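Now, the feature entries from Swiss-Prot:
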| type | residues | note |
| --- | --- | --- |
| DISULFID | C30-C59 | disulfide bond |
| DISULFID | C37-C51 | disulfide bond |
| DISULFID | C41-C60 | disulfide bond |
| SIGNAL | 1-22 | signal peptide |
Amino acid sequence: MRIFSLIVAGLVLLIQLHPAKGTLYRRFLCKKMKGRCETACLSFEKKIGTCRADLTPLCCKEKKKH
């Protein structure tokens, strides 16, 4: 019975780590678009996407000057 509980605990940990893979990919895309992950975009920045992390949900990029 103890081994069963260890297997279930391991599966729960794997399920919790699965969404983290998407977060890393979104952060990579944000860096590729020359942006950065922040909690809130500054007034001179625009939101170009999401990083989907708890602490840094937005991908921000500096606005181009015309």
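Glycine residues also receive a Cβ, built from the backbone N, Cα and C atoms like all the rest.
Since the structure is predicted, the reported quantities are computational estimates derived from the model, not experimental observations.
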Can you tell me which of the disulfide-bonded residues C30, C41, C60 is spatially closest to C51 (disulfide bond)? Compare CA atoms only. C30
How long is the line from the C-alpha of C60 (disulfide bond) to the C-alpha of C37 (disulfide bond), rounded to the nearest angstrom? 6
Using a 10 Å radius on the Cβ of C41 (disulfide bond), the other Cβ atoms enclosed count 18
Under a three-state DSSP reduction, the secondary structure at C51 (disulfide bond) is coil
Give the sequence-ordered list of residues that share a chain with C59 (disulfide bond), lie 6 or more positions from it, and have CB atoms under 8 Å from its CB. R26, L29, C30, M33, G35, R36, C37, E38, K47, I48, G49, T50, C51
Through the lens of DSSP with three states only, how would you label C41 (disulfide bond)? coil
Provide the three-state secondary structure of C60 (disulfide bond) computed with DSSP. strand
